[in-house]
Amino acid sequence: MKYLIGIDVGTSATKTVLFDEKGGVIASASREYPLYQPKNGWAEQKPEDWRDTVLDTLSQVMKESGVLKEDVKGIGISGQMHGLVMLDEKNEVIRPSIIWCDQRTAAEVEDMLTIMPKERWIEITANPPLTGWTAAKILWVRKNEPENYDRCRHILLPKDYIRYILTGVFATEVSDASGMQLLDVPGRCWSEEVLNKLDINPKLLGEVFESCEVTGTLLPEIAERTGLSEETKVVGGAGDNAAAAVGTGVVKDGTAFTTIGTSGVVFAHSSQVTIDPKGRVHTCCCAVPGAWHVMGVTQGAGLSLKWFKDNFCQDYVEEANKQGIDVYDLINRDVSQVEAGSDKLIYLPYLMGERTPHLDPDCRGVFFGLSAIHTRKHMLRAVMEGVSYSLSDCNDILNEMGIQVGEMMACGGGGKSPVWRQMLADMYDCHVKTVAQTEGPALGAAILAGVGCGIYESVEAACDALISADKSTGPEENQAGLYKKYHQLYKELYEDLKGSYKKLAAL
Ligand SMILES: Nc1ncnc2c1ncn2[C@@H]1O[C@H](COP(=O)(O)OP(=O)(O)O)[C@@H](O)[C@H]1O
Ligand SMILES: O=C(CO)[C@@H](O)[C@H](O)COP(=O)(O)O
């Protein structure tokens, strides 16, 4: 039997899974790390935390599985997109990584639009300049921390920093590189024009591979430390959403998934470069060679629920620990006791600004309609409904672009929740399904490794063989109608508050 490893460097944790070649989970390990918010709207993590958790979880799965190191043929890495990792001439991390949900770069996005018209940005990078994406972060460091920028010799994305740690190779692959805003997305290569206009030295960037291509093998000291072999190959891998697509079998036209991780994403596969002219959803290369995807992104999805739990639900945590169960199981139980609509309570999930549909770094979270009748359970349900309204905004735009899907796969931490999947089914008005293989991005990354090592013929063939649908949730007629009315009001609230958000940001 041959084995493959998938690593997912998420925002909440690193998850490492050892699979056999039939997709069975042999061992898995996960380690959390903090998210730092030095200022309102800023978000950073330490690349060293990603490194340490990857090395620890790799060692753990190898030790626990007892699998022979020679039989582990390949590793695929997946990770949170857009984060900026800068290394100096000794390949040391220069500053904490400014990650995907950071909103400090509004001025740099303005600068990018004066350097090149929006239409040209869209022609080349398939997207308008965006605050969360890497190019604007690079410009921010150059302007605000010139000493750091001058010391920088390598610019890497989070998972590509892990590739460097594992193999010593500076490289990236097309799906994650699409989210840097430096890639020619239709051409799947760095854009000389963009790099020239932004005056970014191409030597700072690694070589771009396709997701299944082999980028290197493990360094001897890493093989020694983790119990793996120096022969183990590391493939390109993918940004976490492109990897989740592979892990849920979303690799053909007409297929789509919603993930509720820290962010929330509605993702549809596309064999063509399909672009929203208003730039509200992103177009990126996907992990399947020669194909792309379109995705709407909600910044504060699982992040909203985690924020509420961490700040207002300490007793839930204690009770869950006492019962030896997951705290989210208690939350789901209580949320399911509240009726749809949370008794006229609406939550706007804009804790970290919003991408789809508003592209607004200044908007913030709101509970609207609070009454003395409401309890914490209503607020928890309103949080999950508010995130679902935002995901519906993403889905509506994909529909408006002519992307029609008959059913939606669900994944990510929040995708495990039956009550959250019911909300999505009611609002999307279609069946929401899970796959039996729940490892999402880690499985996707392992499949990419299997293709790169010649174990599978293609990504599509591997998905056909390994991935099967599991639970299915259909819309409930009465709730679908009710949610339409709430969603309409939810959309009006943003329009009503838009000006006030600007004033708040300027205070
Ligand atoms: N059983 C559950 N029910 C509802 N939400 C959950 C559950 N488990 C996790 N979550 C949500 O999912 C989030 C983590 O999702 P995950 O996909 O692991 O995130 P990431 O990839 O960003 O690290 C948590 O912050 C939480 O909000
Ligand atoms: O910014 C995006 C996609 O554009 C996010 O989806 C990040 O990739 C973070 O993912 P999670 O940690 O929430 O999985």
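Just so it is clear, glycine is given a Cβ too, placed from its N, Cα and C backbone atoms.
If you look up TrEMBL, you'll see 3-247 marked as domain 'Carbohydrate kinase FGGY N-terminal'.
The site 'Important for activity' annotation in TrEMBL covers ASP8. Taking the Cβ of ASP8 (site 'Important for activity') as reference, residues of its chain lying under 8 Å away and at least six apart in sequence are, in sequence order, THR14, LYS15, THR16, SER78, GLY79, ASP240, ALA243, GLY440, PRO441, ALA442, ALA445.
According to DSSP, HIS82 (substrate binding site) sits in a coil region rather than a helix or strand. Here TrEMBL flags MET81, HIS82 as substrate binding site.
What TrEMBL records for ASP240 is active site, proton acceptor. Around the Cβ of ASP240 (active site, proton acceptor), 33 further Cβ atoms fall within 10 Å across all displayed protein chains.
Residues or ranges marked as domain 'Carbohydrate kinase FGGY C-terminal' by TrEMBL: 258-452.
Long-range Cβ proximity for MET81 (substrate binding site), meaning a same-chain Cβ under 8 A and a gap of 6 or more residues, is found for TRP100, LEU157, PRO158, ASP176, GLY179, GLY239, ASP240, ASN241. A helical conformation is recorded for ASP240 (active site, proton acceptor) in the three-state DSSP classification. HIS82 (substrate binding site): 27 other CB atoms within 10 A of its CB, across all protein chains.
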